[in-house]
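Taken straight from TrEMBL:
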{"type": "DOMAIN", "residues": "105-328", "note": "domain 'Radical SAM core'"}
{"type": "BINDING", "residues": "Cys119, Cys123, Cys126", "note": "[4Fe-4S] cluster binding site"}
{"type": "MOD_RES", "residues": "Lys331", "note": "N6-(pyridoxal phosphate)lysine"}
Amino acid sequence: MADHAFNIQLQSSWQRELAQSFTSPQALADYLQLPADWVTAHESARSLFPMRVPKPFAALMEPGNTQDPLLLQVLPQSDEFAQVPGYSTDPLDEKNASQIPGLLHKYKSRVLVIFRGGCAVNCRYCFRRHFPYQEHHISKSDLDHMCDYIAQHPDINEVILSGGDPLMASDAHVVDALHRFTALAQIRRVRIHTRLPVVIPQRLTSDLGDALSSLPVPVTMVLHINHAHEVSTELSDFVAQWRQRGIHFLNQSVLLKAINDSLDAQIALHEAVFRAGILPYYLHQLDPVSGAAHFAVDDAKALKLHQQMQSQLPGFLVPTLVRELAGEPNKTPLR
Ligand SMILES: *Cc1c(COP(=O)(O)O)cnc(C)c1O
Ligand code: SF4
């Protein structure tokens, strides 16, 4: 991993795209023709969590619309300074859930690997916005320790690469790690939890698709799409190519006030996801992380919305409405 600078001309198109992301609210405002004074009023929230927005994602936003549902997910907002009781910097108590560095074993049969810190897009509502692992990488010896731990826990049958975003890593790094994990006979399937292909669809390279499809167990990609406008033609095309290789696609989203908390927005989202060959999986209630309280939708409203979705969509297009609670053996369905 030390050869980044040397590899400049060997970068793939997604890495070039990543390097050209918007990191300043002013530059994004110029691109979208937003009122400059409106952006300036919010800009200081960058100090809480840097802004990062790849161009292909910005291209899906409506020019001139300060309330665009994609823009609101990624633009720093002065509301993030609000101190709200019940909101903390580590709402899931992950600091105490890690048996060995980079591995979270909270649910009996599956482990989550914090494969790579940092993301292609910084979502303002993210529960990991306060985590110190922006530059975190998994080394060969970390992988050894993880494989030892898994071998000692025969109940584990699935490995989930997460982050940050695991697809920030190189193809070789992802594929090597998955070869290591799937060499353990107890591992029946692997998952990759990623938002990167949503914001830079070219990340779904054919080389990586080929390598994943040659693993000895099925691979499921769990994307993170919150709004129908995020389902671009490019994303649909890449997903179709990967599905031809036998790779499964699911979607999880977060219920976000003023972004996707209406029945119309939810129906449009799941219809769009299905058209792209992706099935809805989870709809998450927001984790109570400081700086994100303005995105919260109360439980009563969330449940009502979920009931309405059930009456208007086939069962297989209704995601499970869940919340993650520290100490629980699985994600907790709302009721
Ligand atoms: C969400 C999560 C999983 C995966 O849960 P599923 O219900 O299987 O999707 C596994 N481990 C941890 C720590 C998680 O947070
Ligand atoms: S991509 Fe996922 S982990 Fe990364 S900032 Fe967004 S919500 Fe958080």
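Just so you know, glycine gets a Cβ as well, placed from its N, Cα and C.
The average pLDDT for the domain 'Radical SAM core' (105-328) in the predicted structure is 96.
Cys126 ([4Fe-4S] cluster binding site) sits 17 Å from Lys331 (N6-(pyridoxal phosphate)lysine), taking the C-alpha atoms as the reference points. Checking the recorded positions Cys123, Cys126, Lys331 against ligand 1, the ones with a C-beta less than 6 Å from an atom of that molecule are Lys331. The two recorded residues, Cys119 ([4Fe-4S] cluster binding site) and Lys331 (N6-(pyridoxal phosphate)lysine), have Cα atoms 23 Å apart.
Cys123 ([4Fe-4S] cluster binding site) sits 21 Å from Lys331 (N6-(pyridoxal phosphate)lysine), taking the CA atoms of both as reference points. Taking Cβ-Cβ distances under 8 Å and a sequence gap of 6 or more within the same chain, the neighbours of Lys331 (N6-(pyridoxal phosphate)lysine) are Tyr282, His284, Thr320, Val322, Arg323, Glu324. Cys126 ([4Fe-4S] cluster binding site) counts 21 other C-beta atoms within 10 Å of its own C-beta, drawing on all protein chains shown.
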